[in-house]
Amino acid sequence: MADKKIRIGINGFGRIGRLVARVVLQRDDVELVAVNDPFITTEYMTYMFKYDSVHGQWKHNELKIKDEKTLLFGEKPVTVFGIRNPEDIPWAEAGADYVVESTGVFTDKDKAAAHLKGGAKKVVISAPSKDAPMFVVGVNEHEYKSDLDIVSNASCTTNCLAPLAKVINDRFGIVEGLMTTVHSITATQKTVDGPSMKDWRGGRAASFNIIPSSTGAAKAVGKVLPALNGKLTGMSFRVPTVDVSVVDLTVRLEKAATYDEIKKAIKEESEGKLKGILGYTEDDVVSTDFVGDNRSSIFDAKAGIALSDKFVKLVSWYDNEWGYSSRVVDLIVHMSKA
């Protein structure tokens with residue numbers, strides 16, 4: 001298996017679908033073989049892939065349309081489907097072993113299992129799932145067993161919070177904690193005030209409001225780190241930035257520690273086991289400094305603060321699009337070796 005590239009198909013060519021495609025096409029250990037999206041033409045798909053308001057133009061190889069069913073990335077053909085029902089997508093025909101389910105619609109096990117009928121061997125849901133096992137790379141991916149066919153990569157915020165919470169809990173113990181994420185705009189929000197029956201505040205104009213919102217990200221940490229189950233919860237503020245978000249984790253510690261000791265522990269882990277997942281900075285950074293950062297969580301040593309040696313606020317940045325999309329691919333690579 002060492003030399004054989006892992007063949008990936010993507011269902012849903014939205015923000016995460018397109019960025020997972022970008023990540024895959026820039027790596028040597030994986031290969032993009034198929035994309036399915038019933039709502040866009042092949043021509044429009046190339047345009048959406050080529051131009052990106054946040055991450056810039058695609059510059060890695062020329063993108064051409066071979067025919068209605070095939071895109072060429074340089075010389076590499078990628079099959080395009082436009083099928084609504086996931087059961088009917090012929091993944092096996094295209095050679096896709098792993099399917100990234102990034103429509104945001106088929107997030108539970110039953111719905112995601114439809115991809116297996118078309119010949120996919122494994123499905124990774126790029127969203128939290130109420131019943132599929134959730135994995136956060138750097139935290140609990142070692143618990144993946146090869147008989148699991150449908151898994152979730154959790155949420156971008158859980159991917160930011162969990163590595164940080166793991167380090168703090170392993171080193172100092174967490175009694176309890178509250179998280180706030182100051183989160184960039186996502187596709188579910190509205191450009192101007194509009195109807196949003198499930199979340200009235202969420203229907204307000206995204207580009208000129210700070211919008212309080214719910215998030216399951218902190219509670220989900222308890223699913224990937226059972227030791228923290230019931231110890232964390234949190235909420236979100238949606239703010240008018242297009243990408244990059246920041247987690248503010250306020251925790252009560254079991255073991256007394258100075259802020260410097262906490263910084264040292266996080267720095268050590270960021271250079272050790274969690275290298276490439278958890279970052280550490282002492283620079284005077286702001287959100288745009290992290291656009292295109294492929295780490296899950298970058299601890300901002302200067303932004304955090306301790307009230308006492310057992311009560312501390314920790315701040316960690318994440319590119320909620322690019323970092324997360326990078327982890328989706330990392331998880332697939334990990335699964336292929338299990």
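Quick reminder: no glycine exception, Cβ is built from N, Cα and C everywhere.
Record check, Swiss-Prot: NAD(+) site residues include R15, I16, D37, N320, and the candidate from R27, R84, R252 also listed there is R84. What Swiss-Prot records for the D-glyceraldehyde 3-phosphate site is S155, C156, T157, T215, G216, R238, and among T186, T281, T288 the residue it adds there is T186. Note on proximity: among R15, I16, D37, S155, C156, the binding-site residues of the record, the Cα nearest H183 (site 'Activates thiol group during catalysis') is that of C156. Rounded to a whole number, the C-alpha distance linking R84 (NAD(+) binding site) with T215 (D-glyceraldehyde 3-phosphate binding site) is 29 angstrom. In terms of C-alpha distance, the listed recorded positions S155, C156, C160, T186, R238 place T186 closest to D37 (NAD(+) binding site).
When the CA atoms are compared, the binding-site residues lying within 10 A of T157 (D-glyceraldehyde 3-phosphate binding site) are N320, out of the candidates R15, I16, N320. Among the binding-site residues S155, T215, G216, the ones whose Cα sits within 10 Å of the Cα of N320 (NAD(+) binding site) are S155. Annotated pair G216 (D-glyceraldehyde 3-phosphate binding site) and C160 (S-nitrosocysteine), C-alpha to C-alpha distance, rounded: 13 Å.
Summarising the environment of R238 (D-glyceraldehyde 3-phosphate binding site), the number of other Cβ atoms within 10 Å of its Cβ, over all protein chains shown, is 24.
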